[in-house]
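Q: Have a look at this one before I ask anything.
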Amino acid sequence: MKFILNSICGGLILLLWTEILWETGATPQPGFRGTACEECKANLYGTKCNNVCSCKNGICDSGMQGTGECTCLSGYTGIECDRELPACAALRCGPDSRCVEDMSTGQLNCRCKPGYQGDGVQCTSINPCLRGVCHANAACAHTGPNQHVCTCKEGYSGDGRVCMPIDPCQTNLGNCTSGSTRCVYDSPGKVKTLLANEMRARYLVKLHMVAGEVNSDSLKKGILFYTLTGMAAESMTDKTSVATVLEEDGPYTLFAPTNIAFTFLKPGYLDFLTSEEGQILVNGESVLELDVEAKNGRLHSLEGLLIPPSIEPILPHRCDTKETNIYKCSDGIDGNGTCQCEPNFKGSRCQYCADPNKYGPFCDKTCGCIHGVCDNHPEASGKCKQGSCKDGYTGEFCEQQTQSCGPNQPCHAHANCVSNNGAFTCVCKPGYQGDGYMCIESDPCALPHRGSCSVNAKCIKTGPGTHTCQCLSGWREDGDECQAINNCLDPTRGGCHPDATCIYVGPGQSDCACKSGYHGNGKQCEPVNQCVEQKGGCHFLGTCKFLSPGGWQCVCEDGYDGDGKICYGTVAQRADLSQLLSEAENFTLFVPSVQAIEKLNKDDKDFWMTRSNLPSLVKNHIVSGIFDLGDLCTSPSSRLVSLLKRTLPVSSTNETTIVAGGKITFGDMAAKNGVIHLIDKVLIPERQMSEGLLEVLSHRSDLSLFRSSLLKHNLTKEMEESTGFTVFAPTDGAIQEYLRRTGKESLELNVTQYHIIMNETLKDGDLVDGLYKDTFLGFSYQLGIFRQDKKLLVNEAEVNVTDIETNKGVIHTVSAVLSIPNNRCDKATSTIFMERKCCAGYYGVNCEKCPGSEGQPCFGNGVCVDGINGTGVCQCNQGFNGTACESCQAGKYGIHCDQGFSGSGKQCEAINVCQENPPVDIVALSSENSMNNMAKSHNYLFCQKNGGCHRYAECTMTGPLERNCTCRLGFIGDGETCKGSLQKEIRNRNLGEFYMGLVRSNIPELGSRGPFTVFVPNSDAYNKPEWKDSGKRTRSENAKILRYHIVACRALLPEDLMQPRNLTTLNGDILTVTYSEDSTYINNKAKVVFSDLESSNGIFHEIDTVLMPPSFQIQKDKEQDGTPDTDTLKLVMDPVHQPVTLFMPTDAVMAALAQEQKDFLYAMHNREQLAEYVRYHILRDTKGELYVNHKSCRIVKRNLNFNGGMIYGINCLLNPPSLGGRCDYKHTVDFTGEQKCVLPDSMVSRYSGCQSTCTVVIWKPKCCSGYYGRDCLACPGGPGSPCSNHGKCDEDHLGNGTCNCDAGFTGVSCELCVDGHFGPDCKDWIKTSILLYLQVQFTLHVYSDVSADVPVCNPACHEKGVCMENNTCICKPFYEGDGITCTAANMCKYWNGGCSKDAKCSQKGEKVTCTCLKGYSGDGFLCTPVDPCADGENGGCHEHAICTMTGAGKRKCECKDNYIGDGIDCEAKVLPVNRCLQDNGQCHSDAQCTDLHYEDKTLGVFHYRSSQGIYKLNYTMAQEACKEAGGTIATYTQLSYAQQAGYNLCAAGWLDKARVAYPMSFSNPKCGFGHVGIVDYGIRNNLSETWNTFCYRVKDVKCECKTGYIGDGYSCTGNLLQVLSSRPTLSNFLSQILNYSTSASGKVFVNRLSNITIQSTLFVPDNDGLYSNQTLSGRDIEHHLLDGRALVLQALINITHVRTRLGHSLTITSVPDLQNPQVMTSSGYINDRYVIDSDIFASNGVIHVLQGPLKAPPPPPPSIHPGHKAGMGIGILGLIILIVATGFVGYNFYTHKTKPFQFHYFKEDEGEDVNPSESSPNITNPVYDSEPATKEQTPTVTDSKHQVISSGSYDLLQDS
């Protein structure tokens, strides 16, 4: 791991080490052991511990006081216990077992010795190593019976139980040479050495070498160059700070002070450097780890965070938190650190309860310790302290009594017999340990408990099982613990001077330091004049002053607060500077002083201190960049620009610097990312520069109305508190036009909110085409962003101005007020989920408007494919064409595109328009003189067919080619379409059956003014079998049916029927309107197939089914002897919900219902309520007997089985709590209104208005008898016997359900008798008893008057009877019978015998017993529901689950947040981890990693169904199916993860552990009754049940090489140049290529190697064949490349010859096999170079490694043009003639011996014939840098000293 040292504020924090010196202990003598050598070693005894015990099968009396006597184990005898008893000898126990008497049977058995295991006959040594007792990186050695030794492996250190890897680099730098090397951790105990791999070392050296010469001047310019490995490098010239340097890869030299340097620190500086434990502290924080070696320094780890004192006073100090402590620490500067305990606590740390018999967090619980010492710690559990039991007692609470073992108890000699419920158990005595049958002496001071002594105490053994704790030096006893001795708290204060501070150094150690203002050694101190020193040690913002009587003190300057040692400003700014100042950028901050802020006038304060304007004020004080005082004084520019874009002028003199009028009173306060200057003035900008929302809007005069709307609706506060906002503000002109058009006074709240996007700041660049964003109104109201013709549009409004920024958001102005679209008809499917749905005329996910005009998709000339899944395509009607059906097809015209012309082109006539009109001559109409004729002709054509107006409209000519259509009186419309009354329009639609029904049944309402909505069945509806088979009906019945199709007082257009609603018809019954799949349905049965336009008194809709009133349907159901169908039977028969239990009320119960309740339940519009009643009688996934409604309903029929479950007959009707007892009734309401009459009535039309009356039948809520309240709840006592029939219930819809009890009764439901009353009638007990007593006494008195004896009846009365006169016997009270026989009355019949209603009453004789029912607890007279969640174990739920009581003795378990499971088992929710984030998912670094499991929407869970169909797999088949699919059967937790990820599937399947469930991520009433989560069927006992199954399979990580790379993703290869760079063995050839790249042709060559679009084959010489000092020419390098083809070696061998990039040929030969020369190997030669490695693939080719480089042939000689050749021939001929002529003249001259002058030539060698062609040196071609072409023949002369040797390029630097 790489550690970087950071510098803070330019300083380096240095930490100190302290050395802990350990005292060496004494060496123990042989035979002794223990901390103080106070005891003998094992098996030794005597005062010198030099005697060895000789016991074989017994316990030796060992120790310093022991005698060596043996106490034999059972089965053995003798002095050394070496003789077996005869019975034991007969058993022949093994050598590792012994004879033991069984305590329960008294028989002798062989039992393995301690440390052995087996059956007693065969015993083997217990090997602890088999249990994995050692660390994973340790070796375990079995050393004896149940003994082992753990030893850490090489490279690890520790005790074997914990082994940590050894980092050699942490010790002596891993023996690496300091200064020149660095230590790199390789593996535990090992370091990496760079020289281990010679090839890599050579590569590293080349990494630091550059081809060519690069001087320092070039490096200073910052150039890009390549090293010999091909890696790019760049020289940097930036100046870096010390912090930047320390973050680089060192090494560095740091100068750190030594320990001696700290001794010379000023007094008091070390006060905070040491702690009580003797550790080094830095500002009070302990040093946890020191000297951690880093690559560029050392790291010291602290326990806390260092906070500079200068900022601590301005940190938040919360006063709203409270802590409850059991102590109060004497803290603070003047404190001494002692604890003042609360009354219930004691101890130095208040760690004990003051009462020795108390424990608990508040020391208020009494210990349960009986015969021992209570553990009185607050965190204790009330048990006794360990080993504190008195003699004769044992146990955690010392509650178990012990006794000496008798002869029949085979316990060990050092064991006691403990009685436990009559049974005896052997327990080792204190000081011994074992199983009771074998006890050995224990060491109480042994680890880990050490006799419960404190960590600061020494444990000393004093005898068997006894010990004492002795505090270490510097510690004193504090109860069971040891308290550190603080000398500074003693009266002597550690011997310090009164003017010195006692410094606690450690336990029993202290130091003295003179206080501030004094100097000395601490023992002796004397005052000093602080001000003599520099400012007296005061803060730089403070001064040293003499203040009487306090002497010299530090005082902060005016305007600052503090104690003088620390001074700080108190600027009270509420702006959040964290959003303005970034640590990544430097700033200069001008901070006003407190006095400057106080000087602000009230007007400025009120304006600038608001939430929206304050950030702008702060930004005006901030300048980007660092400007210290020196920069401000010397800067050539006298102006600064603040973050508010405001200019701040700067002026300075010799002593002061002024910025924008504010003088810098203190400057150059350094910060981490800038500098701070204190100024004496607040820099107030112009108010128009504020970036607050309202202020920005106020500066835009064209946005004043929108600003007023924001203020009116109080929206600015919420916008300013958001994380951002985007506003599309309409201009004032746009708002005024909107208000004029709508007639409103201002923008409504919804309209204003629709222009705002919250929590997002979208600037111009963010507004991309096709973007949709949710507005302030919610997700159902979106804004659409479009870019068309270089214009930015929002919806359909153009954006005028963009990016008007505020401090929190951005404003864009728009040219129109945005209309809230009615494009979304989202439907709430539950309280949580919303179904997204587009309204008619809108399509797509974003519900975009269909083509066409507003409100008229496809211009009404076609049908738009709308809806959430629609495409928005217009399907045009016949005759129309265009995207929005806006035009006619070719050859058509007219408003309906049904007109046209026919003819030859010169002679045309209109088709089907004016057949009476003669043809029109187009030529004649074209002439200028015939314009009037054309107009007349067109006018004639225009009105021949009523001008295209409706037949009930009048056509009026308004000009040439113009006309006006007006509907006649009694009709409404635009003239082109006119509508009369409903009856007339129904007849015109050819709906004759319904029309004639209206006439025959005399329905007069449709002739009135209306409006009405009529649902008219068509002829197909009347031809359906259900109508024809319904039989004949009377006239009144037909009238009821017709009235059931008419809704009064409403004209519902087609769009009004798209919303679900209930409509009340003329006969009071309800019609239900639903909209599904772009169709409207009435009563979920009749489909609307056509909707007419609005008529004069309403509108009608054509339907395909006749609607039957509910009363007719009920009658039909009764005739079929059944109940109305509620589709519940389908629910019952669905296998998913089986088995079910049905509770069916008897026929008598249904017949006994009140008639008003029957009318309510059987009404057609109450089908849902009836279905809810039925479903309330069904229990899903249950089969068996149940209590029904707290036993208020009696089961009269049992065990009625059917294939879906079980049926019970009950004697009541169960009322759902959501409905209660509803008995709603019909109520007729008439209301009138004044409106204009439009009917074509001659009488009505004379008046301007008429009175219209609408009669509406509505259902009013009403509760049945025995029910009350809004929800019609049952009265107390039940609806069958409200108030128990002993009172009157306050019932009905407005009642409160209170019972007014009759005399003698009381209770909520009058179920109790008042005091002094009894019996079923609650008779007065006193009166009844007195009357009975008087009656008996009177009878006895009468008999006593007759005779002295009591009358005796014959036969005799019962002992509980009384003999009356006339020989009559009567039973005494509470008995019943005839007097002769009297039995106790059954009191359980009367009010349950006085028992609770939740109890069972039973009577035996005269005794009544009350027993609470299951799930209840109590004495029977008072029973309360049992809360299973309060059992102390969370009701059996998981510890991370919430247990919720659902009923008496019932509960449900739900896992807490961040946990997942079924509640019984919960595990921490672990979010799926993208494996690609760790090491790129094991993919190559140049590969794209995709975690398919992480991307999977179901997190690996998938549904599996048998090929035979749904629900065909039993549990075993499900497991096998998942296994075949490559997975396992999913667990409940895995399915829960998938469900929370959005997995939704309504199909039950097997899970692990034989569970059945399915996931639901959104509510669906048909699946799990709308439950969202895991619909759990629980664990199935019958594994042969058949379901589907859910499987789980972890998907793999997909690795794909990036573009430009090839491979399988785990290994990716780049282009040819990249492959060369990655192979060190080819670096020499790469260096040659890079050197060559400096030329133009070399650049082309390098680009070719990098071009991934061109495949090539490259031959590369190995470094061993191409030496680093060998140079190849450019031609040689290019000779290694084959362009355009990537050929593997075998393909090259097959071709044998290929052409290189130069055009020369290479010969490829194969190598024969040495064993079989006829067979060729896969290797070969390229020319004469052996291929040592082949087929190294790259993304743009393949590389073959050669033994050596290829040499390019010399370039061809330059060719001569034919014309040039002819000229040369002529020149040579002329030259020959000239030579001949000259020879002739010369000869003539010499022959005549006239020599006026002579030619002389010089020969170097007189005897040598020189060949001019051989003597002339070759001239190097500068283009190819090689020799020119020569003749193919080798020169025969080899000894010419002028001969040029061809050896490649001529190197000027080569040694000669």
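Each Cβ is built from the backbone N, Cα and C atoms, and glycine gets one as well.
Small disclaimer: the values here were computed from a predicted structure and weren't measured.
Feature list, courtesy of TrEMBL:
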- 1812-1823: compositional bias 'Polar residues' (COMPBIAS)
- 1831-1856: compositional bias 'Polar residues' (COMPBIAS)
- CYS53-CYS70: disulfide bond (DISULFID)
- CYS72-CYS81: disulfide bond (DISULFID)
- CYS93-CYS110: disulfide bond (DISULFID)
- CYS876-CYS885: disulfide bond (DISULFID)
- CYS1301-CYS1310: disulfide bond (DISULFID)
- CYS1353-CYS1363: disulfide bond (DISULFID)
- CYS1522-CYS1591: disulfide bond (DISULFID)
- CYS1546-CYS1567: disulfide bond (DISULFID)
- 45-82: domain 'EGF-like' (DOMAIN)
- 401-440: domain 'EGF-like' (DOMAIN)
- 441-483: domain 'EGF-like' (DOMAIN)
- 484-526: domain 'EGF-like' (DOMAIN)
- 527-568: domain 'EGF-like' (DOMAIN)
- 552-683: domain 'FAS1' (DOMAIN)
- 690-818: domain 'FAS1' (DOMAIN)
- 1349-1383: domain 'EGF-like' (DOMAIN)
- 1384-1422: domain 'EGF-like' (DOMAIN)
- 1425-1467: domain 'EGF-like' (DOMAIN)
- 1500-1593: domain 'Link' (DOMAIN)
- 1613-1750: domain 'FAS1' (DOMAIN)
- 1807-1856: region 'Disordered' (REGION)
- 1-26: signal peptide (SIGNAL)
Q: Which residues of the same chain, at least 6 past either end of the domain 'EGF-like' (401-440), have a Cβ under 8 Å from a Cβ in it?
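A: For the domain 'EGF-like' (401-440), the sequence-distant neighbours (Cβ-Cβ under 8 Å, at least 6 residues beyond its ends) are 59, 71, 73-74, 100-103, 106, 114, 387, 389, 392-395, 463-466.
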Q: Rounded to a whole number, how many Å is the Cα of CYS1310 (disulfide bond) away from the Cα of CYS110 (disulfide bond)?
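A: Distance (Cα to Cα, whole Å): 77 Å.
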Q: List the residues of the same chain that sit at least 6 positions away from CYS72 (disulfide bond) in sequence and have their Cβ under 8 Å from its Cβ, in sequence order, or write 'none'.
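A: Expected: ASN57, GLY58, GLY78, CYS81.
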Q: If you compare CA-to-CA distances from CYS1546 (disulfide bond) to each of the disulfide-bonded residues CYS53, CYS93, CYS876, CYS1301, which comes out shortest?
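A: Among CYS53, CYS93, CYS876, CYS1301, CYS876.
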Q: Counting other Cβ atoms within 10 Å, pick out the least crowded of the disulfide-bonded residues CYS70, CYS1567.
A: CYS1567
Q: Rank the disulfide-bonded residues CYS885, CYS1353 by the number of other Cβ atoms within 10 Å of each Cβ, and give the residue at the low end.
A: CYS1353
Q: Any residues 6+ beyond the ends of the domain 'EGF-like' (441-483) with a Cβ under 8 Å from its own?
A: 34-36, 38-39, 62-63, 347-349, 351-352, 385-387, 414, 429-433, 506-509
Q: Which of these disulfide-bonded residues is closest to CYS876 (disulfide bond) if you go by CA atoms: CYS110, CYS1301, CYS1363?
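A: Nearest listed residue in space: CYS1301.
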Q: Whole-number Å distance between the CA of CYS885 (disulfide bond) and the CA of CYS1567 (disulfide bond)?
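A: So the alpha carbons of CYS885 (disulfide bond) and CYS1567 (disulfide bond) sit roughly 44 Å from each other.
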Q: Take the domain 'EGF-like' (1384-1422) and find every residue of the same chain, 6 or more past its ends, with a Cβ under 8 Å from one of its Cβ atoms.
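A: For the domain 'EGF-like' (1384-1422), the nonlocal Cβ contacts are 1190, 1311-1313, 1319-1320, 1374-1376, 1447-1450.
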Q: Any idea what the model's mean pLDDT is for the domain 'EGF-like' (1349-1383)?
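A: Reported value for the domain 'EGF-like' (1349-1383) is a mean pLDDT of 84.
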Q: Given the disulfide-bonded residues CYS53, CYS1522, CYS1567, which one's Cα is the least distant from that of CYS1301 (disulfide bond)?
A: CYS1567
Q: Which one is closest to CYS53 (disulfide bond) in space, judged by CA to CA distance, out of the disulfide-bonded residues CYS93, CYS1353, CYS1522, CYS1591?
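A: Its closest listed neighbour, by Cα, is CYS93.
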Q: Expressed to the nearest Å, what is the distance separating CYS1591 (disulfide bond) and CYS1353 (disulfide bond) at their Cα atoms?
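A: With distance taken Cα to Cα, CYS1353 (disulfide bond) is 88 Å from CYS1591 (disulfide bond).
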Q: Between the Cα atoms of CYS70 (disulfide bond) and CYS93 (disulfide bond), find the distance and write it as a whole number of Å.
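A: Rounded to the nearest whole number, the Cα-Cα distance is 21 Å.
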Q: Between CYS1522 (disulfide bond) and CYS1363 (disulfide bond), how far is it from one CA atom to the other, in Å?
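A: Cα of CYS1522 (disulfide bond) to Cα of CYS1363 (disulfide bond) measures 87 Å after rounding.
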Q: Spatially, and counting Cα to Cα, which of the disulfide-bonded residues is closest to CYS1353 (disulfide bond)? Options: CYS93, CYS110, CYS1567.
A: CYS1567
Q: I'd like the Cβ neighbour count for CYS110 (disulfide bond), meaning other Cβ atoms within 10 Å of its Cβ, all protein chains included.
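A: Step by step: centre on the Cβ of CYS110 (disulfide bond), count other Cβ atoms within 10 Å, giving 20.
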Q: Quick one: DSSP breakdown of the domain 'EGF-like' (1349-1383) into helix, strand and coil?
A: 3 helix, 13 strand, 19 coil
Q: When you measure from the Cβ of CYS93 (disulfide bond), which residues in the chain that are at least 6 apart have a Cβ under 8 Å away?
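A: Those within reach of CYS93 (disulfide bond), by Cβ under 8 Å and sequence separation of 6 or more, are CYS99, CYS110, GLY120, VAL121.
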Q: Residue counts in helix (H, G, I), strand (E, B) and coil for the domain 'EGF-like' (484-526), per DSSP?
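A: Taking each residue of the domain 'EGF-like' (484-526) in turn, the totals are 6 helix, 19 strand, 18 coil.
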Q: What is the interatomic distance between the Cα atoms of CYS1567 (disulfide bond) and CYS1363 (disulfide bond), given in whole Å?
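A: Approximately 73 Å lies between the Cα of CYS1567 (disulfide bond) and that of CYS1363 (disulfide bond).
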Q: In this structure, which of the disulfide-bonded residues CYS1310, CYS1522, CYS1546, CYS1591 has the fewest other Cβ atoms within 10 Å of its Cβ?
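A: Among the disulfide-bonded residues CYS1310, CYS1522, CYS1546, CYS1591, the lowest count of other Cβ atoms within 10 Å belongs to CYS1546.
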Q: Please spell out the DSSP helix, strand and coil residue counts for the domain 'EGF-like' (1425-1467).
A: 6 helix, 19 strand, 18 coil
